[in-house]
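S.K.: Let me begin by handing over the structure; questions about it come next.
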Amino acid sequence: MNRLKHRGPDWSGLYQHRDSYLAHQRLAIVDPASGDQPLFNEDKSVAVTVNGEIYNHEELRKKLVNHKFRTGSDCDVIAHLYEEYGEDFVDMLDGIFSFVLLDTRDNSFIVARDAIGVTSLYIGWGLDGSVWISSEMKGLNDDCEHFETFPPGHLYTSKSRGFRRWYNPPWFSESIPSVPYDPLVLRRAFENAVIKRLMTDVPFGVLLSGGLDSSLVASITARYLAGTKAAKQWGSQLHSFCVGLEGSPDLKAAKEVADYLGTVHHEFHFTVQDGIDAIEDVIYHIETYDVTTIRASTPMFLMSRKIKSLGVKMVISGEGSDEIFGGYLYFHKAPNKEELHRETCHKIKALHQYDCLRANKATSAWGLEARVPFLDIEFINVAMSIDPESKMIKKDQGRIEKWILRKAFDDEERPYLPKHILYRQKEQFSDGVGYSWIDGLKAHAAKNVTDKMMLNASYIFPHNTPTTKEAYYYRMIFERFFPQNSARLTVPGGASVACSTAKAVEWDVSWKNNLDPSGRAALGVHLSAYDAEAPLISNVPSKVIDSIPRMVEVPGVAIHT
């Protein structure tokens, strides 16, 4: 439990029945006074530990008229739903969740993870016949002979000793949809997704990078916050948070959006050296050696610590949009709508290994919860049912990446955002915090990984062999924390350009010689693309400039950054 205490510093709960143990570290967001876990049914024959939020819990409570609830926690419905419907209740839950449910009447248990994998979850098996479940790998890696990522949208039962997929949306088959694009339908679906995530009994805010996705989240939140329970408790003025190197693209754009929306804006600066110093902690918490995930997780990890120091416990973020709408810059080269749609399906299915993993663990490292409205299951159903021809990027028609999302919120009468923000080019988070961040990481790795070490990379790391010094550097750190073979198998691999799948690299022949997950690797697309003639790994150290210490003013708090 101590290894996971950072995720839930508010309360520790432990329950034992015969040879089964449920342990929980609570981060109290809804009903912080009485929602301690494990949670039980009326006679305590069913016990549950949950990480997540059930947004439709009030609606579900109305269906459970013959049940008495012990707490006001949104997760309290789970044990009662199981009593009423058995293990088939999982698809009734609208939210993000990982849970273990123990039925003491026959000493059986079930485990489930949310549809997309917004919450993290692992499963392991011990030599003694034990089964282990943990929100993070570090909770079970030393005790299991084999462990793996618990698949999103799946259920595991002790009776069957196997997995069953409970999440079966129409888009999962990857068949090409044909519903005509309706901007108002898409707009309303996303507004609903944001509004339902305002369910909180603690102070919260929005992560605002100044890009399209986070700016829309902030705009809708600011527009609908007044009149909510959260506004009555904590005020109707929204707090926004941004992180970046001094003078970075995100800081400038986020400040402009914050001023436009009237948020209380908190801007945090970090230096390249600050980020490099945090890399080991980041890899320990994020539990990956994937290059782009570590690049993006580090600023988010540093920012989350600052946010939590303000007393904020929940943030709303913009992950998932690029996967759903084909927003990454490499989608400019999608050859047809069929390829584009299949690529978006593959990207959504893999989110739990990348952006969801980053958003969940970089924030949870400091006892902060991230909510992601773009990954709302109802919104995904709407967005993925649209004829993908509408998602195709066509410069001659003025259609840039994520055009259908931009158009849906292009309201002349009641603008959501300034036009140039609404149509700002996609900037990956690890780029937007400042281009010298990635350049600095590469230079640091080049100092710590020699050419001789790279020659032996395939022998030292035969699985997912690192092909760059940066990747080799991260892999060394990861293997020190997680030396088991099961651990290295949890991390995906394969060629990528600008966050593409390996399949999409085939869309442009020039990309095969320019493999890098940065958006700037999309040659001929990104406005600040890498020089096509320059190697991606430079032996010339980046110039690192320490920012001048400054004070960020917050009501009642002063933060030295």
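Residue 1 is the first one shown; counting continues down the chain.
Every residue gets a Cβ built from N, Cα and C, even glycine.
Curation plays no part in TrEMBL annotations; they are all automatic predictions.
Sharing the features that TrEMBL gives for it:
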- D74: L-glutamine binding site (BINDING)
- L207, V243, S317, G318: ATP binding site (BINDING)
- 1-161: domain 'Glutamine amidotransferase type-2' (DOMAIN)
- E319: site 'Important for beta-aspartyl-AMP intermediate formation' (SITE)
S.K.: If one measures from the C-alpha of G318 (ATP binding site) to the C-alpha of the residue listed as 'L-glutamine binding site', what distance in angstrom results, rounded to a whole number?
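M.R.: Between the alpha carbons of G318 (ATP binding site) and the residue listed as 'L-glutamine binding site' there are 23 Å.
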S.K.: Nearest to D74 (L-glutamine binding site) by Cα, among L207, V243, S317, E319 (recorded positions)?
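M.R.: Of all the candidates listed, S317 is nearest in space.
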S.K.: On a count of neighbouring CB atoms within 10 A, which of the binding-site residues D74, L207, V243, S317, G318 is highest?
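M.R.: It comes out as V243.
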S.K.: By a simple count, how many Cβ atoms lie within 10 Å of the Cβ of E319 (site 'Important for beta-aspartyl-AMP intermediate formation'), its own Cβ left out?
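M.R.: If we count other Cβ atoms within 10 Å of E319 (site 'Important for beta-aspartyl-AMP intermediate formation'), we arrive at 27.
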